[in-house]
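Presented below is the structure to which this report refers.
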Amino acid sequence: MNYEGARSERENHAADDSEGGALDMCCSERLPGLPQPIVMEALDEAEGLQDSQREMPPPPPPSPPSDPAQKPPPRGAGSHSLTVRSSLCLFAASQFLLACGVLWFSGYGHIWSQNATNLVSSLLTLLKQLEPTAWLDSGTWGVPSLLLVFLSVGLVLVTTLVWHLLRTPPEPPTPLPPEDRRQSVSRQPSFTYSEWMEEKIEDDFLDLDPVPETPVFDCVMDIKPEADPTSLTVKSMGLQERRGSNVSLTLDMCTPGCNEEGFGYLMSPREESAREYLLSASRVLQAEELHEKALDPFLLQAEFFEIPMNFVDPKEYDIPGLVRKNRYKTILPNPHSRVCLTSPDPDDPLSSYINANYIRGYGGEEKVYIATQGPIVSTVADFWRMVWQEHTPIIVMITNIEEMNEKCTEYWPEEQVAYDGVEITVQKVIHTEDYRLRLISLKSGTEERGLKHYWFTSWPDQKTPDRAPPLLHLVREVEEAAQQEGPHCAPIIVHCSAGIGRTGCFIATSICCQQLRQEGVVDILKTTCQLRQDRGGMIQTCEQYQFVHHVMSLYEKQLSHQSPE
C-alpha cells in the first residue's frame, strides 16, 4: 500500500511538472513588457547548431531497465523514521519502565503505589542536600539516589536524540524518471544598441543568428466528420523555440491532406490565432514614425516576438533520404509554396525536392523571389537545375563559404562546368568594395542565357552589419539589373546558409524600398508576416528585424534629400 501511494504521488508530480513546462513555454511566447533591451546570441540562419552540439558534453548512456518484478524501496527507506512526537513518547515510556524496574528491585514492587508519596518526598529531600559529600558520608546512596542518577542519564540521552532528529534535514523528494520531466528552457539574452549611420559607428550591433533548435510539438487532431469520435488521428504540429526566453508558435500554413474532401481540420486556438496574426498584422509607418521606431529597441523587440515563426514540422515530409538534401534538419520549405523540380521519374519524390520557396514581392506579386538554402555538395546539381528551370537571371548570395564552419559550398566553377546537360561558364568577375559580381553564361543545347551572380561579402561573421549603406547599395543594384530583364522578370534567387535570416533581410528591404517609393509609407511588420507565410523563419532574429528598420530609416532620409524642394 505504501509503495502504491508513493508511485501515485510521483505520477502527480510528473503531471504537474509537464503542465508547468507547457505553461512556461506558452507564457514565454509573448513579451508584453520588457525591462531591458536584448542582444540575442545567434549564428547565421541556424548554422551554429553543429558547433553548440560539439561543445556540449555527450548525454549519459541510458540506464538498463530495472527488473519489473523488483519493487523500489519505500519512501523514507534508509533515513531516520523517528519524529519528535515518537521521540517524546519513547522518552516517557523509557522513564516509566526505568522507574518501575528500580522500584521493583529495591523491594517496592509490592507496595510501590502506596509509597509513591514517600518516594517523591525522598527525592525532594535529596535535592535539598547541597553538599554532595554528605551523601557519601551519610550513606544515602539508596533507591532515590540511583533513581535520580538513572533519570538524569536517560534525560541526557533522550535530549541528545531529539536534538539530533530536529537537526536532520528533511528527506529529499524522490527523483522523477527522465522521461517524466518537462523542462522549459529559458535563456535570457542581452542587447547592445548603436545607431545606424553612414559615418563610422563606435559600438558594434552584435547579432549572432539563432541556432535552430529541435521543435517541441503540440498535438492537434485530424478527424473525419462521420467517423467515430473515439478514433482520432493525432498529428504533430511544431512549436519552434527561439533562442532567448521566447517560444515562437510554429504553424503549418498548408498541411498536406487538410484540404482533402471529406476531412476536417481541427486547429488549436493558439494556431488559429497565429494564422490570423500572419494574415492581418499591419503597422503602417510614416517617415517620422519610422525614424522614431528605428531608435526604439524596446518597441521593436516586443513587436518582433509577437510574430509567429511559421516553421514546418519535419514530420510533414515523409520522403526517404530527404536528410541528404537539407543543410539543417529543422529548416524545411513550407509545402504550399515550395519549388518542385521537374523530374524524369514522377514516382521518385526525392528527385523533385529542393529546399526552396517562392516568395511574393511588393503588392503580393507572385514568384518574385526564390528563397533557398546555401547549396551543399549533394544539392549543387539540383540548384543549377532550378536556375535553368525557373529562367533565373539573378542570384544573390549573402554568406561566406565558411564562418566558423561551412555555410555554403562553392557551387560555381572557376571557369566552366556542366550539370545535367547545362553548361555553366564564368565569363567575367567584377570586384567591388561590398560584393563580387560574376557574369555567367548558361547553355543547354542551342539555348543560351545570361546570369548575374552577386556575392555580398560585407555581412560580418556571426552578427548583423554595423552600417546600412552597403545593403542598400546591393538592393538598388539588383533592382536595376531586374528592370533590365523587362517587366516580367523571372524569380530572383536569394540564399544565405539556411535561407531565412539574411535572405529575409534582403527581400524585406527590397520590398519595403519599393513601397516607400510608391506610397511614401512603409509597413515592415506586414512585409515580415508575408515573408513568413511563404517561408518560415524569414528575418530570423530580433537584431535583423531592427537592422531592416534602420536600413529603411536611412533610405527614407536619402529619398527626402533627393526629392525636389
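Cβ atoms are placed via backbone N, Cα and C, with glycine included.
As annotated by Swiss-Prot, compositional bias 'Basic and acidic residues' applies to 1-16. Positions annotated as region 'Disordered' by Swiss-Prot: 1-80, 169-189. The compositional bias 'Pro residues' feature in Swiss-Prot is assigned to 56-75. Marked as transmembrane segment by Swiss-Prot on the basis of sequence analysis: 88-108, 146-166. The annotation phosphoserine is assigned in Swiss-Prot to SER245, SER268. The annotation phosphothreonine is assigned in Swiss-Prot to THR255. Residues or ranges marked as domain 'Tyrosine-protein phosphatase' in Swiss-Prot (evidence: sequence analysis): 300-555. What Swiss-Prot lists as substrate binding site is ASP461, CYS496, SER497, ALA498, GLY499, ILE500, GLY501, ARG502, GLN540. Residues or ranges marked as active site, phosphocysteine intermediate in Swiss-Prot (evidence: sequence analysis): CYS496.
When other Cβ atoms within 10 Å of the Cβ of SER497 (substrate binding site) are tallied across all protein chains shown, the result is 28.
GLN540 (substrate binding site) and CYS496 (active site, phosphocysteine intermediate) are 12 Å apart (CA-CA, integer value). For the substrate site listed in the record, the two most distant Cα atoms among ASP461, CYS496, SER497, ALA498, GLY499, ILE500, GLY501, ARG502, GLN540 lie 16 Å apart.
Across the domain 'Tyrosine-protein phosphatase' (300-555), the prediction's mean pLDDT works out to 95. For GLY499 (substrate binding site), the number of other Cβ atoms no farther than 10 Å from its own Cβ, over all displayed protein chains, is 30. Within 10 Å of the C-beta atom of GLN540 (substrate binding site) sit 31 other C-beta atoms, taking all shown protein chains into account. Mapped onto three states, the DSSP output places SER497 (substrate binding site) in coil. The number of other Cβ atoms within 10 Å of the Cβ belonging to ASP461 (substrate binding site), over all protein chains shown, comes to 13. The 10 Å shell around the Cβ of GLY501 (substrate binding site) contains 31 further Cβ atoms across the protein chains shown.
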